[in-house]
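Colleague: Look at TrEMBL and you will find A:128-414 tagged as domain 'NADH:quinone oxidoreductase/Mrp antiporter transmembrane'. Annotated transmembrane segment per TrEMBL: A:6-21, A:79-100, A:107-124, A:130-148, A:160-184, A:204-223, A:235-258, A:278-297, A:304-322, A:334-353, A:412-430, A:451-471 (among others), in sequence order.
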Amino acid sequence: MQHLPILPILIPMLAGVLMLLPPIGNSINRHRFFSVSVMIGLVIASALLLLTSHQQGTQMYVLGGWQPPFGIVLVADRLSTMMVLLTSVLSLGALLYACAGDDNDGMYFHPLFMFLVMGVNGAFLTGDIFNLFVFFEVLLIASYALLIHGGGKQKTKANVHYVILNLVGSSIFLFALGILYGTIGSLNIADMAVKVRLLDEPGQALVKAGGLLLLVVFGLKAAMLPLHFWLPRTYAAASAPVAALFAIMTKVGIYSILRVHTVIFGEDAGALASIAVPWLWPLALLTLVIGAIGVLASPSLRLTVANLVIVSVGTLLVAIAMHRESATSAALYYMIHTTLVTGALFLLADLVSKQRGKAEDRYVIARKMKRGKIIGIAFFIAALIVVGMPPLSGFVGKVLILQSAQGLDEIAWVWPIVLLAGLASLIAISRAGTTIFWRYTEDSNIDIPIAPLRVIAIVLLLSASPLLVIFGGPVTDYTNMAATQLHDTTQSVDALIPGGSE
Amino acid sequence: MEAVYAFCVGALTTCGFFLVLRGRTFTVVMGLTLLSYAVNLFLFASGRLTLDGAAVLGQSTVYSDPLPQALVLTAIVIGFAMTAFVVILAMRSRADQGNDHVDGTVPPPPPRATGSYRRNS
């Protein structure tokens, strides 16, 4: 049990390596069986880790025995374990869907998938920002290869943009790390939070530059407004299970903003307290607006879903910009909901495009789908969830975010923009549904069966939404406690550093 | 030394960003390489520049900070891997699209200021 915090990184890494070797590496069926069983094991391990860190407090895993602030640490608190469990569940769904045939379009789908999961889990669990960079690179290089999986002109084109942007992002990340290390003298998040209070005047200016550079980098990963142009085409070009898994990658950016700008540059940081907030407000609201416009303007279902990801990123950034516990808690609830549902929607869009022949998922009149009913019902439920209709989880999440805006001056901006973005998504998604399911020329004579595994994967991801509502009490209790743990320096900083803030 | 060092890092970064903003994959890859060199030098300098400073205890009276050296080592390895990947991707893109523009299509050349109008019409 002592080694539980490192398991979410070790399990996918070892599984990925093993799958490259014979005898598992020889056949796709062995790959499938092995990776699904590993992923179920990973879900169990993450659930156990969440329970342990919930009951026994923050788990620290000190690699090599070097006590912090020296050496490498993994920190499993309520927020990071929640994100790890979310990753495992989402990737189980995406993996099940891929096992129905999408993984056979190219080589090494399963090992790359495992390395991506390892990178994401590592980014959530790490306790210092240099290792955050390293895990970012691990997940990015796996995602570059996964994005191009299956090949084709569209994928290459999207991948060139994606890779170049992320490489420039990595350079900026390292510049920011250099500035922060040069002035603060530490890269451990908890230790930086302590040392940032003791800086002198010129040091503060440098650290402010470094902190805002980090915001740019995380904004690029999260698709924040001026840096979001890569997202729709990249996600629309990726194959369905990969796009579904990518739904967690924007959340890695959101998580890093939350971690760095509430723990290091939180309320206690003196002159550097909340340096990101004045920037986050306009950018978050404009991200919502541009996402809503994108949703209305998209010509195909996949692009609509990709733009819905931007809307959800905007909503989450608004909640982070509020910079208070209740808003963070609401954001965490919304994050669970939106990640799983957009994942399911990417999978559904792929089912639709497989059924419609040449029309794919574009909003044009085509032949009637033979298997339209079951897809239609799933799409209807998913649409209700994603636009935030009561009684499902999207509604609860949005209400929580709107409620936590009470008492702020910015409420006059938050309420109308969040609600109008919801309306835009509602209009766009109902137009999508009517065109795809109700407008057709003639009955199709080609019957393309749907693999049961695909339906199981989508049901698995969609069932999270009613569960989030039924168990709304315990879930919001948990997110409240996670938000308190993040905002409270005695829990998020002093507990991790021997000697504390003296 | 500090001034020369800072000037070199600044020049590398400027050239890197200029090249990254070009339209062809070759120049972009060159730009990314220059940027990663600039980043590595910058990280190295974040532990302050010392002459004859050993990073190991007991080797000298002047010490240099060992951590940036470890960071640079990691960053170099990652930078090389990423550059290798982007080179292969550029070649793949050249093969798939038939040109080496990052957008996949070569934009038409801008119209000339004078002269060409009358000849075309």
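First residue shown is number 1, and so on along the chain.
Note that Cβ sites are derived from N, Cα and C of the backbone, with glycine treated the same way.
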Colleague: Need a quick answer: max count of Cβ pairs under 8 Å to the transmembrane segment (A:79-100), which of A:204-223, A:278-297, A:334-353 is it?
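Modeller: Stretch with the highest Cβ contact count: A:334-353.
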Colleague: Near the transmembrane segment (A:204-223), which residues from the same chain, at least 6 beyond its ends, have a CB less than 8 A from one of its CBs?
Modeller: 129, 136, 165-166, 169-170, 172-173, 175-177, 179-180, 182-184, 196, 230-231, 249-254, 256-257, 260-261, 264-265, 271-272, 275-276, 279-280, 283, 287, 309-310, 313, 317
Colleague: Near the transmembrane segment (A:6-21), which residues from the same chain, at least 6 beyond its ends, have a CB less than 8 A from one of its CBs?
Modeller: 31, 34-35, 38, 41-42, 45-46, 49, 61, 63, 74, 84, 88, 108, 110-112, 114-115, 117-118, 121-122, 125
Colleague: Return yes if the transmembrane segment (A:334-353) and the transmembrane segment (A:278-297) have at least 3 CB pairs under 8 Å (sequence gap of 6 or more), otherwise no.
Modeller: no
